[in-house]
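S.K.: Just dropping this structure here.
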Amino acid sequence: MGDAKMCNVLCRKTLDSKTAKAFKEKIDDEYRVNMILDNLPLVVPIQRLDQESPPVYQLGYHVGLKGKEEKYFIHNHLSFIVKYHKDSQSNSARIVGFEVKPFSVKHTYEGKWSDEKPRLTSCDPHTRRIVLNSNSPQEVEDKAEIIFTYDVEFQDSDVKWASRWDAYLLMTDDQIHWFSIVNSLMIVLFLSGMVAMIMLRTLYRDISKYNELETQEEAQEETGWKLVHGDVFRPPFNSDLLCVYVGTGVQFFGMILVTMMFAILGFLSPSNRGGLMTAMLLLWVFMGIFAGYASTRLYKMFKGSEWKKIALRTAVMFPGVVSAIFFVLNALIWGQKSSGAVPFGTMFALIFLWFGISVPLVFVGSYIGFKKPAIEDPVKTNKIPRQIPEQAWYMNPAFSILIGGILPFGAVFIELFFILTSIWLNQFYYIFGFLFLVFAILMVTCAEITIVLCYFQLCSEDYLWWWRSYLTSGSSALYLFLYATFYFFTKLEITKLVSGALYFGYMLIASYAFFVLTGTIGFYACLWFTRLIYSSVKID
């Protein structure tokens with residue numbers, strides 16, 4: 001600490017054709033070298049066009065540069081700057097910054113090379129020759145002799161240790177986020193207006209009119225949602241699966257909500273590597289109790305009796321699909337001999353978390369949910385299902401489901417761009433306040449669009465709303481995946497097959513999770529809405 005170095009020789013290497021080819025590939029693929037000092041990642045400061053504003057930090061330095069005429073140059077001289085903050089009381093210092101300026105230099109030396117005391121002529125502190133530019137760069141080729149050197153400079157800094165991460169997390173584009181939120185709020189206001197109109201106009205008018213109806217003739221002339229009151233709470237086709245998905249959605253919702261709370265309060269700092277992922281996994285496991293409770297409550301409402309079967313499916317289905325995809329992706333990374341592969345020990349720990357903690361908790365939740373009295377329907381269900389009249393083309397299930405997903409996706413789409421950029425282009429994402437706002441907007445949008453479309457559906461005497469309400473808001477996940485595909489081809493320059501498979505595999509998992517989350521929000525909104533409107537109608 002505090003010991004400055006100039007032109008320190010690290011080692012001398014002579015490349016063979018294989019190593020030279022590997023270096024060229026890495027330079028072509030824009031690989032970066034990452035280092036850590038006192039838990040701070042190494043950064044290359046890049047000055048912006050306007051000199052006043054602080055520099056942008058690039059994580060890690062590039063292995064090398066590609067020049068003209070297919071020539072490749074390697075960064076073999078690193079100029080480190082370690083920034084420290086002196087404590088006035090104790091006279092000790094703490095590291096608050098770690099920067100590097102990489103150079104490519106063809107080093108020269110006099111006489112024979114000695115490993116004990118190498119003296120370079122191209123970089124020598126005694127003769128005041130130091131590396132300030134890459135004017136005579138070191139080319140990467142077969143039989144090239146490369147000498148790796150470095151400087152270390154210590155700089156006193158005013159940045160206190162507690163705020164040393166602030167420079168890394170500097171938000172450069174607040175305006176875009178605010179613009180995105182205002183844009184999303186417009187969607188929400190528009191939908192809220194529609195929901196309010198429906199609630200006030202139709203329901204108030206319809207219910208008062210309906211309750212005044214005395215004569216039989218007038219009752220027969222009634223059309224719309226009140227006609228299907230005898231069928232609207234009929235359990236849907238494949239109701240077990242719906243219960244499982246709703247339970248999983250509740251589990252996911254709880255996990256996201258609590259994670260965001262922690263993140264906003266500052267518990268999940270990026271300085272704690274992998275903290276966010278660990279928190280999410282643990283929360284997912286402990287939210288299993290709510291998943292079991294929610295799925296069994298719904299199952300009992302559908303007059304189901306085999307709660308253990310539902311509990312097991314809830315505990316295994318979503319994690320099973322995600323684990324299968326993850327396992328395949330991990331095998332691909334393993335095949336590439338990458339250090340990014342998840343080791344067997346960790347895999348075993350994950351499986352233990354799933355079967356050792358999550359599954360039992362789902363069963364506990366299911367048991368509690370099943371012991372409670374079933375939720376009563378506000379209206380009685382008829383013995384014989386009524387026929388659904390022919391629907392207009394725009395009320396076709398596929399069409400209205402696809403339309404329903406556009407608005408929730410539109411509300412989060414700009415924030416999504418930033419999240420994708422921070423995941424795939426190696427930047428820090430640390431604007432959980434914005435993310436929380438967007439998440440709230442997403443919830444409201446999902447709920448409102450589902451209620452609006454569900455109302456139109458019931459008005460045209462189509463009472464099969466259970467699955468449709470889940471899929472209406474859940475279809476925004478399809479747009480998420482399509483956008484991820486668009487992002488892949490426009491923003492990322494991925495050519496390798498495994499990298500592409502990884503990208504699409506992870507985006508598939510993300511889209512599936514998004515489907516479960518948004519679908520559940522839409523479903524619960526619709527359930528609340530139908531129970532509300534049918535409970536306020538007097539039916540003989």
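Just so it is clear, glycine is given a Cβ too, placed from its N, Cα and C backbone atoms.
Per TrEMBL, the feature transmembrane segment maps to 178-200, 242-268, 274-294, 315-335, 347-370, 401-425, 431-458, 470-489, 501-529.
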S.K.: Looking at the transmembrane segment (274-294) and the transmembrane segment (178-200), are there 3+ C-beta pairs under 8 A, with each pair at least 6 apart in sequence?
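M.R.: Contact between the transmembrane segment (178-200) and the transmembrane segment (274-294): absent, because fewer than 3 Cβ pairs are under 8 Å.
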S.K.: Could you tell me whether the transmembrane segment (315-335) and the transmembrane segment (178-200) have 3+ CB pairs under 8 A, leaving out pairs under 6 positions apart?
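M.R.: With fewer than 3 qualifying Cβ pairs, these stretches do not touch.
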S.K.: Between the stretches 242-268, 347-370, 431-458, 470-489, 501-529, which wins on the count of C-beta pairs under 8 angstroms to the transmembrane segment (315-335)?
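M.R.: The listed stretch sharing the most Cβ pairs with the transmembrane segment (315-335) is 501-529.
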